[in-house]
Amino acid sequence: MTAHRDAIRTARSMVVKVGTNALTTPAGVFDAGRLAGLADAIEARMKAGTDVVIVSSGAIAAGIEPLGLSRRPRDLATKQAAASVGQVALVNSWSAAFARYGRTVGQVLLSAHDISMRAQHTNAQRTLDRLRALHAVAIVNENDTVATNEIRFGDNDRLSALVAHLVGAEALVLLSDIDGLYDSDPRKTKGAKFIPEVTGAEDLAGVVAGPGSDLGTGGMTSKMSSALLAADAGVPVLLAAAADAASALTDASVGTVFAARPVRMSARRFWVRYAAEAAGALTLDEGAVRAVVHQRRSLLPAGITAVSGRFYAGDVVELRGPDAVPVARGVVAYDTTELATMMGRSTSELPGELRRPAVHADDLVAV
């Protein structure tokens, strides 16, 4: 067993993400029995001493049958209606499954906006931490009834990566109908090569990922992107089939493992890099790009050539090179109107109260 798999096997805390396809029959019907089986595997891991938070998809799928729908809805309003009905069935199923072991579950509904706003981000963290302290099993799902774009992409893959860092988890396990990463879709390509471990970009050379299924929205592209996000933040990831949940959660002997970076990213830098929504963008000249990206220095107004969006001091902004390609993200020290009058000017030309960096090096994260 590699050190990367061993890190997941010995993790004292983890997030387990359960995809929609892991909770439905081949015909697309929500299956509480499948959910109970996954709860058994998760319970075994918790009984061994690991603290587990569950990110569960499946609300929309669970709402299809009660509403008399013939298939997963495609329009947003019906998706949200199905989610509102299905979320009840989903949480009740998790509650019943863990009640067999004397455990209580708590429901936490989040949206991308909740994670992106610093105050809500902190509140979500406190809630999850308190649930764990009270020995309740947190069941996290995207708040589909109010989500817009987020409801259509990701199937909670990205949310699970964000939650893993949010709660300080030592591992993330993604369970779906896919048994790992291949260089192409094994269901369509004969001889598709299985990739057991991803330690760097070279392991992904030539990988062709596909879109999501009809029932879920998170295809291999979403899973791979989310796994890389978590790994870059310092959380090792295991991508495995729900059918192999027992092995995945016991000894991490199945699936594809994504190695984590050696040093875990701080909570603030992670929020700036991945969680926060950029309120605007600053275009930099070549000298400023070198200073920010390669020398890890603060961004001064002199290196800014353009300002876009409407933002305020304390917001996160995207930093772009002359070619408009994003090079970093950071917390800006001025609002849009102030910075528009300061850009391109040296610090010595500015009044004393405007001589702070536009973005301090401590608040910068290269992308």
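From the backbone N, Cα and C atoms, a Cβ is placed for every residue, glycine too.
According to Swiss-Prot, the protein carries these features:
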BINDING   Lys17, Ser176, Asp177, Thr217, Gly218, Gly219, Met220, Thr221, Ser222, Lys223  ATP binding site
BINDING   Ser57, Asp144, Asn156  substrate binding site
DOMAIN    279-357  domain 'PUA'
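Mapped onto three states, the DSSP output places Lys17 (ATP binding site) in strand. The Cβ of Ser222 has fewer other Cβ atoms within 10 Å than any other of the binding-site residues Ser57, Asn156, Ser222. Asp177 (ATP binding site) counts 17 other C-beta atoms within 10 Å of its own C-beta, drawing on all protein chains shown. Site extent for substrate: the farthest pair of Cα atoms among Ser57, Asp144, Asn156 sits 10 Å apart.
For the domain 'PUA' (279-357), the number of residues in each DSSP class (helix H, G, I; strand E, B; coil) is 25 helix, 24 strand, 30 coil. In this structure, the CA atom of Asp144 (substrate binding site) is 17 Å away from the CA atom of Ser222 (ATP binding site). The Cβ of Asp144 (substrate binding site) has 24 other Cβ atoms within 10 Å, all protein chains considered.
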